[in-house]
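A short write-up of the structure that comes next.
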């Protein structure tokens, strides 16, 4: 009887130890799974910093063969030059565990932009090779995760390369001072500026603000004459199709012209150098006679004034005289088709 009691007590203690061990093993698996979820790109224990100055590659372990199971690997590529970017190109031999419901849940490779933490992409399966990825700065992060089931082959290989910064053009169209340029070369340099302030800074770097302000001081001259001609209101009639043909056939339309060429002035520079004017254009497809013998010509021409900056060489000394002036350019108000042997189309 005593022996039977000892056997029962020993069995109970053994069962308790077995249950404790099983529970401990289960807790360890859960803890491992939890750690695996947290060991992302933010966990420095799994991150390997790779300093690069040229081309190279990284790949899954044992590439191009079956990669190991239950892994988390992170590479952070850092270019030596801070002004460059990094481009990633995936090898055509790409294959990881297939996605589930089009989501890469188990085995995948992921690329992250460290500057803002955004994920550029996550890929798995073997159907399509991922496209090229480019960093915003001089570093980029790559993460590879495999779970404990169904490893695949060949894994992945990523080739990295350095993208040099693009050379930006200088804001000044000419590095030479205005006094060293001929008038034609200076005209080309002046035309390249996009704002009046940039132009005056180039012409007078030491006193550009004074010169700019003096251009707009009130004078006794009437500057900036702008004569606007009202457009004739269109009368709607039943023959709408014919009116549309007239509208887009021989009609006044915008043309850009060079002021120097229009005024035949080679001794002066104007800014802006080109302006929009109305000039007759289009075809004469609906003329009454042979249309090949018809030409679209202006029927009414007017002069309109445009205020521009005028630059003229000073007499006897170096430098340019700067002033706002009005230039008169021809505008075509009305057009007509003139055919050979007939006054109208």
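Every residue gets a Cβ built from N, Cα and C, even glycine.
Here is what Swiss-Prot records for this protein:
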- 1-22: signal peptide (SIGNAL)
- 24-33: compositional bias 'Polar residues' (COMPBIAS)
- 24-45: region 'Disordered' (REGION)
- 25: N-linked glycosylation site (CARBOHYD)
- 34-45: compositional bias 'Basic and acidic residues' (COMPBIAS)
- 46-163: domain 'CUB' (DOMAIN)
- 55: N-linked glycosylation site (CARBOHYD)
- 104-124: disulfide bond (DISULFID)
- 250-294: disulfide bond (DISULFID)
- 280-335: disulfide bond (DISULFID)
- 287-337: disulfide bond (DISULFID)
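Residue 250 (disulfide bond) and residue 335 (disulfide bond) are 6 Å apart (CA-CA, integer value). Cα spacing between residue 294 (disulfide bond) and residue 280 (disulfide bond): 14 Å, rounded to the nearest whole number. In the three-state DSSP classification, residue 124 (disulfide bond) falls within coil. In the three-state DSSP scheme, residue 280 (disulfide bond) is classed as strand.
In terms of Cα distance, the recorded positions that sit within 10 Å of residue 250 (disulfide bond) are 280, 337, chosen from 55, 104, 124, 280, 337.
When Cα-Cα distances from residue 55 (N-linked glycosylation site) are compared across the disulfide-bonded residues 104, 124, 280, 337, the shortest belongs to 124. Within 10 Å of the Cβ of residue 335 (disulfide bond) there are 23 other Cβ atoms, across all protein chains. Each residue of the domain 'CUB' (46-163) gets a DSSP state, and the totals for helix, strand and coil are 1 helix, 58 strand, 59 coil.
Between the C-alpha atoms of residue 280 (disulfide bond) and residue 337 (disulfide bond), the distance comes to 10 Å. For residue 337 (disulfide bond), the count of additional Cβ atoms within 10 Å of its Cβ stands at 24 [all protein chains shown]. Comparing local CB density within 10 A for the disulfide-bonded residues 104, 124, 250, the maximum falls on 250. Residue 294 (disulfide bond) is surrounded by 23 other CB atoms, counting those within 10 A of its CB over all protein chains shown.
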